[in-house]
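> Residues or ranges marked as ATP binding site by Swiss-Prot on the basis of sequence analysis: G13, L14, S15, G16, G17, V18, D19, S20, M39, G128. Per Swiss-Prot, disulfide bond is recorded for C104-C200, and the stated evidence type is sequence analysis. Swiss-Prot lists C104 with the feature active site, nucleophile. Annotation comment: Swiss-Prot describes H129, Q345 as site 'Interaction with tRNA'. Taken from Swiss-Prot, the feature active site, cysteine persulfide intermediate applies to C200, supported by sequence analysis.
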Amino acid sequence: MPNFEQNQVIAVGLSGGVDSSVAALVLKEKGYEVIGLFMQNWETDSKDPFCTAEQDLSDAKAIADHIGIPLYVVNFSKAYWNHVFQHCLDEFAQGRTPNPDVWCNREIKFKSLLDHAKKLGATHLATGHYACIQNENNEYRLLKSNDSHKDQSYFLHLLNQYQLANSVFPIGGYQKSEVRAIAKKRGFINHAKKDSTGICFIGERKFKDFLNEFLLAQPGNIETSEGKIIGKHDGIMFYTVGQRKGLHIGGRPDAGEAPWYVVDKDVKRNVLIVVQGYEHPLLYSQELTCTNLHWIRDTEPSFPLTCKAKTRCRQADQTCVVTRLDNDHCHVQFEHPQRAITRGQSVVFYLGNECLGGGIIN
């Protein structure tokens, strides 16, 4: 983490979780003036059993009081709906699988929240992300966290130079175990709080039930890769490539015992295509094309580019060659076949520890 002048004001996005809490503590103990910001991105009934916002706010208030910093609650639900949620609905409706966290970071946390922090007099916005920022001659680089298991650079690959220049990741150099140990030692009530998982606006409720509230499902056929109809689906928007659960087509007398997996979605015919076996060849591909390209540095890399890539956040880095097709499309050729490459997800590129940027798989 860079050293700033001691009189600088740094705003911290306090989520109520342990990571942002320790991030605020680290800054406070370094002598900075710290203010906390709690985002409300989703309007919900306070009695909603699946929404944790009320408890999260309570935890954030307790941590702010514990550390001795002010906490401001800011509502970005309208911006979130317009710039994140509506985009996700459009993607689901077209049979793709979007990643809301990627868009939320670019449009809400490091745009709306950063702007609000500036209005309050803060010079920078800090978050509890596991990633690092390096300033190299006034060009900012996004680097992986020291904790490879918790690294979140994948979700931050759409950030630009202005956003990185005005952001701080105080725990990027820590291990998650260290963060929890610090929180426990300091008596934080959330030191053992579980990490948030899944899509933030859905919470722990069933994905299918939630999506049904906003999109009209169109049931259709489930077919094998040979075109044989073997079942019915509830709507292809509910499924993603590589999915096994929820197909309800197992135990067929005319098929083996191997489980079925979604291999493709034919949106035009409203057909879900499946194959049997985790290692089925059709689940693997050695290439993809991507669009909506974003490069973190001001100048994009030279092509063809030999680098590493991820097509999902927890995946090990995969060697590939990236070739420019046109202004907004690249072809990615992997050294080894990749399982369950999914349209709508992000492919993110790395050189060593540096996140270069990425695009949307199409």
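Here the Cβ of each residue, glycine as well, is placed from N, Cα and C on the backbone.
Note that the structure is predicted; figures quoted are calculated from it, not measured.
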> Can you name the recorded positions among C104, H129, Q345 whose CA is within 10 A of the CA of D19 (ATP binding site)?
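Within 10 Å of D19 (ATP binding site): H129.
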> For Q345 (site 'Interaction with tRNA') and S15 (ATP binding site), determine the Cα separation and express it in whole Å.
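Distance (Cα to Cα, whole Å): 25 Å.
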> For M39 (ATP binding site), just give me the three-state DSSP call.
strand
> Work out how many Å separate G17 (ATP binding site) and H129 (site 'Interaction with tRNA') at their Cα atoms, rounded off.
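With distance taken Cα to Cα, H129 (site 'Interaction with tRNA') is 11 Å from G17 (ATP binding site).
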> What whole-number Å value do you get for the CA-CA distance of C104 (disulfide bond) and G13 (ATP binding site)?
13
> Under a three-state reading of DSSP, tell me whether D19 (ATP binding site) is helix, strand or coil.
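Helix, per DSSP.
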> Which whole number of Å gives the largest C-alpha distance between any two of G13, L14, S15, G16, G17, V18, D19, S20, M39, G128, the residues noted as binding ATP?
16
> Using DSSP with the three-state reduction, classify H129 (site 'Interaction with tRNA') as helix, strand or coil.
coil
> For G17 (ATP binding site), what is the tally of other C-beta atoms lying within 10 angstroms of its C-beta?
21
> For G13 (ATP binding site) and H129 (site 'Interaction with tRNA'), what Cα-Cα distance in Å is obtained after rounding to a whole number?
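Pair distance, Cα basis, whole Å: 10 Å.
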> If one measures from the C-alpha of S15 (ATP binding site) to the C-alpha of H129 (site 'Interaction with tRNA'), what distance in angstrom results, rounded to a whole number?
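For S15 (ATP binding site) versus H129 (site 'Interaction with tRNA'), the Cα atoms are 11 Å apart.
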> Rounded to an integer, what is the Cα-Cα distance in Å between H129 (site 'Interaction with tRNA') and M39 (ATP binding site)?
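Just about 15 Å between their Cα atoms.
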